[in-house]
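**Student:** Here it is: the structure, laid out below.
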Amino acid sequence: MRRAGVEPNHITFVTIFSGCAHFPAKGVLFGPPLHAYAWKLGLDTNTVMVGTAVIDMYAKCGGVDFSRLVFDGLDMKNSMSWNTMMDGYMKNGKVDNAVELFEQMPPRGAVSWMVLIGGFVKKGQFEQALEWFREMQLSGVEPGYVTIIAVIAACADLGTLGLGLWINRFLVKQNFRDNIRISNSLIDMYS
């Protein structure tokens with residue numbers, strides 16, 4: 001591309017960084033020099049899409065501290081950049097950092113809560129997942145089906161059938177009863 005005299009743009013870099021993130025063994029090698037090139041062109045901190053792709057790449061390649069440096073340097077952050085950074089912390093076992101970042105977030109939407117609750121479930125910290133689900137309920141944010149599936153999984157692993165029954169009633173009220181993934185999760189919980 002460059003030999004043909006065509007300079008990469010923000011879409012090019014988002015695609016490349018996403019590729020590096022999906023192949024961490026190669027991403028560790030190719031990601032940092034590509035990030036340096038994006039920085040040279042001024043595309044890593046002033047374009048939130050590129051910055052978020054860099055955050056994701058470093059986190060998935062095991063460099064979550066580099067992700068945080070990029071996150072802190074972003075000229076502008078959106079919910080995707082906040083959620084990507086929080087997810088990177090969770091996936092790299094830095095749960096306290098994820099919670100701290102979550103608490104600093106500007107208004108949190110359903111996806112932000114899902115990242116936190118789902119991260120706790122994936123880490124096997126089921127009690128914390130349920131505590132944060134309660135906080136979500138108190139905050140008035142309506143959960144999406146992915147959050148509900150994570151909460152059902154936490155109930156199943158903890159054996160908290162009472163809470164599982166409450167969630168089942170909640171699902172009927174919220175019109176989630178026709179969601180096949182949720183139905184399968186409920187079957188798993190009850191079995």
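Each residue's number is its place along the chain shown, starting with 1.
Just so you know, glycine gets a Cβ as well, placed from its N, Cα and C.
Pasting the feature list from TrEMBL:
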{"type": "REPEAT", "residues": "78-112", "note": "repeat 'PPR'"}
{"type": "REPEAT", "residues": "113-143", "note": "repeat 'PPR'"}
{"type": "TRANSMEM", "residues": "144-167", "note": "transmembrane segment"}
**Student:** In terms of Cβ proximity under 8 Å, which residues at least six beyond the ends of the repeat 'PPR' (113-143) contact it?
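**Tutor:** For the repeat 'PPR' (113-143), the far contacts come to 83, 86-87, 90-91, 93, 95, 98-99, 102, 150-151, 153-155, 157-158, 160, 163, 174.
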**Student:** Tell me, what is the mean pLDDT of the repeat 'PPR' (113-143)?
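**Tutor:** When the pLDDT values over the repeat 'PPR' (113-143) are averaged, the result is 95.
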**Student:** May I have the DSSP-based helix, strand and coil counts for the residues of the repeat 'PPR' (78-112)?
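**Tutor:** DSSP classes over the repeat 'PPR' (78-112) add up to 26 helix, 0 strand, 9 coil.
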